[in-house]
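As given in TrEMBL:
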- B:S162: active site, nucleophile (ACT_SITE)
- B:D328: active site (ACT_SITE)
- B:H361: active site (ACT_SITE)
- B:R232, B:D362: substrate binding site (BINDING)
- B:57-366: domain 'AB hydrolase-1' (DOMAIN)
Protein chains: 2
Amino acid sequence: MSSATLPPEPRNQVDDPSSLVARFGASEPLLMDSGGSIGPWQIGYQTYGKLNADKSNAVLICHALTGDQHVANVSPLTGKPGWWSTMVGPGKPVDTNRFFVICANVIGGCMGTTGPASTNPATGQPYAVDFPVVTIRDMVRAQAALIDRLGIESLFCVIGGSMGGMQVLQWAVSYPDRVFAALPIAAAARHSAQNIAFHEVGRQAVMADPDWRGGRYLVEGTRPSKGLAVARMGAHITYLSEIALHRKFGRNYQDRSAPTFSFDADFQIESYLRYQGLSFVERFDANSYLYVTRAMDYFDLAAEHGGSLAKAFRGSKTRFCVISFTSDWLFPTSDSRAIVHALNAAAASVGFVEVESDKGHDAFLLDEPEMFAAAQGFIDAAARARGIA
Amino acid sequence: MSSATLPPEPRNQVDDPSSLVARFGASEPLLMDSGGSIGPWQIGYQTYGKLNADKSNAVLICHALTGDQHVANVSPLTGKPGWWSTMVGPGKPVDTNRFFVICANVIGGCMGTTGPASTNPATGQPYAVDFPVVTIRDMVRAQAALIDRLGIESLFCVIGGSMGGMQVLQWAVSYPDRVFAALPIAAAARHSAQNIAFHEVGRQAVMADPDWRGGRYLVEGTRPSKGLAVARMGAHITYLSEIALHRKFGRNYQDRSAPTFSFDADFQIESYLRYQGLSFVERFDANSYLYVTRAMDYFDLAAEHGGSLAKAFRGSKTRFCVISFTSDWLFPTSDSRAIVHALNAAAASVGFVEVESDKGHDAFLLDEPEMFAAAQGFIDAAARARGIA
């Protein structure tokens, strides 16, 4: 990246020193579903625990839309605990005393893996919208290259929620022999029309911001912060349930008991959403938001197999556990049931747990004892089956 | 409005010649809940049918967020049929051969009634954000002034869906002796946290548009069209059910069978939403959008009565019929049930119909035979009770 063209404080450095980085040269390009390719490219990742002698205890965690590789360590960017430190760590369901845990930033992201903010070797400037459009399969292909580089033949388990769960499913379909167990949570085998619609509104909000500059904001020294904040605010509503919003905020006024009759953040819910928007733009690249949402939109696992999800899983020896949440209206239980039905039709091994929760889609990131218990039980049984101590 | 300060093609004229207009002088100001007032002011309205000799057959239709007074006539702005011509007209449930039907544009609107695009007499320029924040009660207060002007003591029926239903409820509470029958459809007695949240995102999208100019876009010759289009796109999703979106659009691609791997409107749902956004900005004023959404946010009928909705209705002699739709997740049936329970607790006369529909909130505007039948039955029975031929 040419330093002369950088804005004063680039927050999304592709060489974040706090992450491990696997680099792939121009001779090892990443070939992508769109027909495009990138190279050289790199993948930023974190690991926890130790790989055992027969390399049978590796667990891959796949992150969601705005997640990163800092699943169980304090984020160097935000100073906050790892985004899934309730699930991953010593003595946790994904026990780092037993397992070698890997989490990598996705292709198209902005946390150490090559994405639209990275330098395009053809121009010496950020790719911006010249970056090839990314798919979930491209994300998984990049992770597979990392797993190869780490010398791991077969993953013990692949785990993720939301977009992470899409990657779990894609892993099981693209590399059935490399996935012993798979745990997709609050996920779907295809993105729904409603979810595409919400994503499109978010992208339009970003692209409507004149500071987006046709995607070239890094070179032009601007940031489409207002548009990205609006996108995040809208998306955030979909991550919560109506009940959770009512319980947390209701119609409570901010700092007073009566309305101010203004367009200020009069209600607590408004103040909360504005904060969500503002804090998000501090940590996330706007073009990455476009690319990663687009990857989810294009996800349709059955489409690769003549429209049959069961065909996608045919012959799979992977053990699956599918988890959904009762109040998740973004990735409703019916989406998880469709996965389970397809796995049943393919005669695959599958368990299904619908967790009673009123916290909406974000429940997978929160303290949900029933989810932890289900994950723990599934992982422990699978570990016994694989002979992991 | 000073013609020198107007943009080239003002689409939202406050003196639309195709509507009737009731004007109120500076000596008849509209006093508003915020403590503000406006005057002189005016209200644009339409009527259909004839007022009978004893003035007992007047029906008031209240429009929703982006509706207008053209309930049963071709809109002079869009050239489209009246927005509820399925419900209102000769031989329709609200039969203009029997009833004298009135529909007025709301205060804060942009279709002939005074709103933020109207001239502020204090400055000679559009009010913009100096217009007082409006409430549902202010809208109803303005309608009551119109009804007075028309010499009507008591309305036979007040009918409306969504925000129109909020006005129906407010009418019944503010003027119990002036409402013989009330038909709120797909409504609520208070706006939920989730709905406030969606509105806030829309407002932020408008206000993030630099062409909004702190609200002064009319004077400065700009239009926050991109921000308003994003707001409309997001809102539009909430008006439809997930099932309706899936049935209409699914994951179908636009004009081709394969993805283009781009940020174009690749999916039909994207193209549809973009069209909704673009066509909306042609017909609606951005500041009116802020004001009218805000009015809905502030609506909480129980709050005026010590938090008890039943108290709000105490002693009411109005006959109510409450209608909801099974797939409406914006104003779910539980909101309508809360109204019905309060009316029961107040010993009011109330019927309740939950219409089976998979079309979401917008069902109230669509061809829903069960809704028409319920409305027809309720109106006919009420007309007999009032002795209307």
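Residue numbers in this text run from 1 along the chain shown.
Glycine residues also receive a Cβ, built from the backbone N, Cα and C atoms like all the rest.
Annotations in TrEMBL come from automatic prediction, not curation.
The structure displayed is predicted, hence computed values, not measured ones.
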Just how many other Cβ atoms lie inside 10 Å of the Cβ on B:D328 (active site)?
27
In sequence order, what residues of the same chain, 6+ apart, have a Cβ less than 8 Å from the Cβ of the residue listed as 'active site, nucleophile'?
B:A64, B:L65, B:I185, B:A186, B:A187, B:F331, B:H361, B:F364
Looking only at the domain 'AB hydrolase-1' (B:57-366), what is the model's average confidence as pLDDT?
97
Row B:D362 (substrate binding site), column other C-beta within 10 angstroms, all chains, value 21
According to DSSP, which of helix, strand or coil covers B:D362 (substrate binding site)?
helix
Neighbourhood of B:R232 (substrate binding site), C-beta criterion under 8 angstroms, separation at least six:
B:G202, B:Q276, B:G277, B:F280, B:V281, B:F284
B:D328 (active site) to B:D362 (substrate binding site), Cα to Cα, whole Å, comes out at 8
